[in-house]
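**Student:** What TrEMBL shows for this protein is this:
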type: ACT_SITE; residues: HIS86; note: active site, proton acceptor
type: BINDING; residues: ASP87, VAL90, GLY92, ASP94, SER96, GLU108; note: Ca(2+) 1 binding site
type: BINDING; residues: PRO186; note: substrate binding site
type: BINDING; residues: HIS216; note: heme b binding site
type: BINDING; residues: THR217, ASP264, THR267, ASP272; note: Ca(2+) 2 binding site
type: DISULFID; residues: CYS55-CYS138; note: disulfide bond
type: DISULFID; residues: CYS88-CYS93; note: disulfide bond
type: DISULFID; residues: CYS144-CYS340; note: disulfide bond
type: DISULFID; residues: CYS223-CYS251; note: disulfide bond
type: DOMAIN; residues: 45-344; note: domain 'Plant heme peroxidase family profile'
type: SITE; residues: ARG82; note: site 'Transition state stabilizer'
Amino acid sequence: MYSLLQAPAPAGSYISRGSKHMRRLAAALLVLATVAAGVTVGAAQLRRNYYAGVCPNVESIVRGAVASKFQQTFITVGATVRLFFHDCFVNGCDASVIVASTANNTAEKDHPNNLSLAGDGFDTVIKAKAAVDAVPQCRNRVSCADILALATRDAIALAGGPSYAVELGRLDGLSSTASSVNGRLPPPSFNLDQLTALFAANGLSQADMIALSAGHTVGFAHCNTFSGRIRGPSVDPTMSPQYAAQLQRSCPSSVDPRLVVALDPTTPRAFDNQYFKNLQNGMGLLGSDQVLYSDPRSRPTVDAWARSSVDFNRAFVAAMTKLGRVGVKTGSQGNIRRSCAAFN
């Protein structure tokens, strides 16, 4: 997908070169069309009252389970939000990231890029599923994918973020392989073009990407994901020197690099627009965060949402709704799992 950002071949190129370019362009457009079609077809079955006839109280049941988990640990918020994102970006929002590996299959959750997913996110979904299934009329009638989508909304709201209507009707995926994760998740080193291209491949705009990146207003990152920015010949020039010094104290080179620090050093226990204010002050923890401000093309959006939490919340809700439509499974593509961690 990154090749789409390259300039077209100049006029006067050899015919063979132009033909090759056109073939590549046609193939790329076909991929984009396929992705867009998948998002549209799957999303068509989603509606807010999907379970009205079989489990009318599903939202309040899930909300209660999430609230209980939230009271145990605030980590629930960042863990659940991140779990939803990692699920949707790999073959769609189908709860395949929750499936456990077996002797015959290494599942998504055991891919190196998913090993840092906090267990509290998985536990939130499993407990919410148990609460739903404890109601006889709801038992095995609500998908794990929908429970994850609802739990994500509820966790965000509990942390002070916006509450919003969640479209329902996703089926659970029938496949989960570690190999399917390759190239689907953005590493912390991505620049703006790379981030924009990866999100576009999932039907999301650059504005959606910036809004969803603000999920980093909660949660943690391991020291080894940003150590290159605070060590070496020089500190990353886009990072505040004071913030870099603080991180060097929190993540000494002689200590386990798997230590974690808050993604938002200012209001780590609130889902708010402080993320964007941090970027303005050179306090984006990951390179892929700070680039949203250091790149002049995305800086105006960061500035706008730093000024207005109302505008940010509106954009975030719109982006989360679009994210929840990615790769939705329908018909024979999925089912409703009896256990979120295992196929039926």
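Backbone N, Cα and C define each Cβ position, glycine as well.
Give me the lay of the land around each of these features.
**Tutor:** Other Cβ atoms within 10 Å of the Cβ of HIS86 (active site, proton acceptor), summed over all protein chains shown, number 22. Reduced to three states, the DSSP call for HIS86 (active site, proton acceptor) is helix.
A sphere of 10 angstroms centred on the C-beta of GLU108 (Ca(2+) 1 binding site) encloses 26 other C-beta atoms.
Other Cβ atoms within 10 Å of the Cβ of PRO186 (substrate binding site), summed over all protein chains shown, number 19.
Here HIS216 (heme b binding site) comes close to LEU263, ASP264, TYR275, LEU285, LEU286, ASP289: these same-chain residues lie at least six apart in sequence, with C-beta atoms under 8 angstroms from its C-beta.
A sphere of 10 angstroms centred on the C-beta of THR267 (Ca(2+) 2 binding site) encloses 18 other C-beta atoms.
Counting every protein chain shown, the number of other Cβ atoms lying within 10 Å of the Cβ of CYS55 (disulfide bond) is 20.
Spatially close to CYS88 (disulfide bond) yet at least six residues away along the chain are ASN202, LEU323, GLY324, VAL326, GLY327, judged by Cβ distances under 8 angstroms.
Long-range Cβ contacts of CYS340 (disulfide bond) within its own chain (separation 6+, distance under 8 Å): ALA95, ILE98, VAL99, VAL125, ILE126, LYS129, CYS144, ILE147, ASP172.
According to DSSP, CYS251 (disulfide bond) sits in a coil region rather than a helix or strand.
Counting every protein chain shown, the Cβ of ARG82 (site 'Transition state stabilizer') has 22 other Cβ atoms within 10 Å.
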**Student:** Could you check which of the recorded positions (CYS55, ARG82, HIS86, VAL90, PRO186) sits closest to THR267 (Ca(2+) 2 binding site), going Cα to Cα?
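**Tutor:** For THR267 (Ca(2+) 2 binding site), the closest Cα among CYS55, ARG82, HIS86, VAL90, PRO186 is found at ARG82.
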**Student:** Where's the emptiest Cβ shell within 10 Å among the disulfide-bonded residues CYS93, CYS223?
**Tutor:** CYS223
**Student:** Quick one: which residues besides ASP87, VAL90, GLY92, ASP94, SER96, GLU108 have a Cβ within 8 Å of the Ca(2+) 1 site's Cβ centroid, in sequence order?
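**Tutor:** Apart from ASP87, VAL90, GLY92, ASP94, SER96, GLU108, the close residues are HIS86, CYS88, PHE89, ASN91, CYS93, ALA95, VAL97, GLY173, SER176, SER180, GLY327.
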**Student:** Would you identify which of the binding-site residues ASP87, ASP264, ASP272 has the most other C-beta atoms lying within 10 angstroms of its C-beta?
**Tutor:** ASP87
